[in-house]
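**Student:** Got these off TrEMBL a minute ago, pasting:
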- 11-43: repeat 'ANK' (REPEAT)
- 44-76: repeat 'ANK' (REPEAT)
- 77-109: repeat 'ANK' (REPEAT)
- 110-142: repeat 'ANK' (REPEAT)
- 143-175: repeat 'ANK' (REPEAT)
- 176-208: repeat 'ANK' (REPEAT)
- 209-241: repeat 'ANK' (REPEAT)
- 239-270: repeat 'ANK' (REPEAT)
- 274-306: repeat 'ANK' (REPEAT)
- 306-338: repeat 'ANK' (REPEAT)
Amino acid sequence: MLPLLLKYGLNVDFALRPAIFDGNYAQVQILLENGADINAIGRFNNTPLHEAVSGGLENIVKLLLDHGADINAIGNFNNPPLHEAVSGGHEAIVKLFLDHGAGINANGNFNDTPLHEAVSGGLEHIVKLLLDHGADINAQNMRSQTPLHKAASGGHEAIAKLLLENGADINAQNMRSQTPLHKAASGGHEAIAKLLLENGADINAQNIRSKTPLHDAASGGHEAIVKLFLDHGADIKTQGGMALWLAAVEGNEGCEDIVKLLLDHGADVNKECFGGAPLIKAVSKGCEDIVKLLLDHGADVNRGNWNGTPLQQAASCNHEVIWRLLFNYGANVNTTSG
């Protein structure tokens, strides 16, 4: 049928993509031999090579390459075909591209390299393949994140280990000055946090807001990681003891265990951050268990801020149980401010 259609003037450029979508190797070959534009831009700025890669069609990918397809053509989301092969998990096609000289460190969407893509997808075999072919292990994307940042935030322990074994910068900073350890902490990935510490990560590294990994673990409610950091000597007083404030104020439900852990390790129960001590912030949030815990550890029951005392704050927020708790701990009803 195709030879007949060609005889009657079939538009070979138009017919090439449907043939690729169908995985019809013979038709693709005939169309190429009859002058189909191998690098024609189609939907989403993709070339025929992009389309073949998306379908995981290794034999057609090879055919297109043999006919001179642009291996580094930019397609959807600014991604070259290699990025598409990596993100799709098509290891054989990735190897084919590398053997044909594809740009192994080319930038795609958000300036991610193929290695960033492989790490984000948790594709350990492809990560290893790219590293074996010389991928830049410390390449930074638009947010200045390295592949190790991606592994840490994604919870990909085996890949993080592989990257470290191949010389990844363990204390690399992204555009917010976060290290991979910050990412592991905020994501709650205890095993990766432990791995990074064992390989020399800076436990007290500060991001652009002066937060350490301990702060991220505390505000995220990751008790096991908080304990891990404290056991490894994290500085609990960094940034004015903000870790306790974050656990008490920004932490998820059930963060009282983290608050207790920090207090037991010497956190200053009355240290103010962002306009108030942990107590008045916990009162405002309505965290009864944390309020009691802070009071039991010596929090100043009358220390307030511009919103008044903890007692006044409990009243204004209609936290009756907390109001009674504060009163029972000696709150002065006549005190007007902290």
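Note that Cβ sites are derived from N, Cα and C of the backbone, with glycine treated the same way.
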**Student:** Using a Cβ-Cβ cut-off of under 8 Å, list the residues of the same chain that are 6+ residues beyond the ends of the repeat 'ANK' (11-43) and lie near it.
**Tutor:** 2-3, 5, 49, 51-52, 55, 57, 59-60, 63-64, 67-70, 73
**Student:** Should anything in the same chain at least six residues away from the repeat 'ANK' (274-306) have a Cβ under 8 Å from its Cβ atoms, list it; otherwise answer none.
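**Tutor:** Same-chain residues near the repeat 'ANK' (274-306) but 6 or more away: 244-245, 248-249, 255-256, 259-260, 263, 312-314, 317, 319, 321-322, 325-326, 329-332, 335, 337-338.
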**Student:** Summarise the model confidence on the repeat 'ANK' (110-142) as a single mean pLDDT, whole number.
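**Tutor:** Summarising the repeat 'ANK' (110-142) by its mean pLDDT gives 99.
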**Student:** By a Cβ-Cβ criterion of under 8 Å, what residues six or more beyond either terminus of the repeat 'ANK' (77-109) are in contact with it?
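**Tutor:** Same-chain residues near the repeat 'ANK' (77-109) but 6 or more away: 47, 49-50, 53-54, 56, 58, 61-62, 65, 71, 115, 117-118, 121, 123, 125-126, 129-130, 133-136, 139, 141.
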**Student:** Mind checking which residues of the chain, 6+ beyond the ends of the repeat 'ANK' (176-208), have their Cβ under 8 Å from one of its Cβ atoms?
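**Tutor:** Same-chain contacts beyond the ends: 143, 146, 148-149, 151-157, 160-161, 164, 170, 214, 216-217, 219-220, 222, 224-225, 228-229, 232-235, 238-239.
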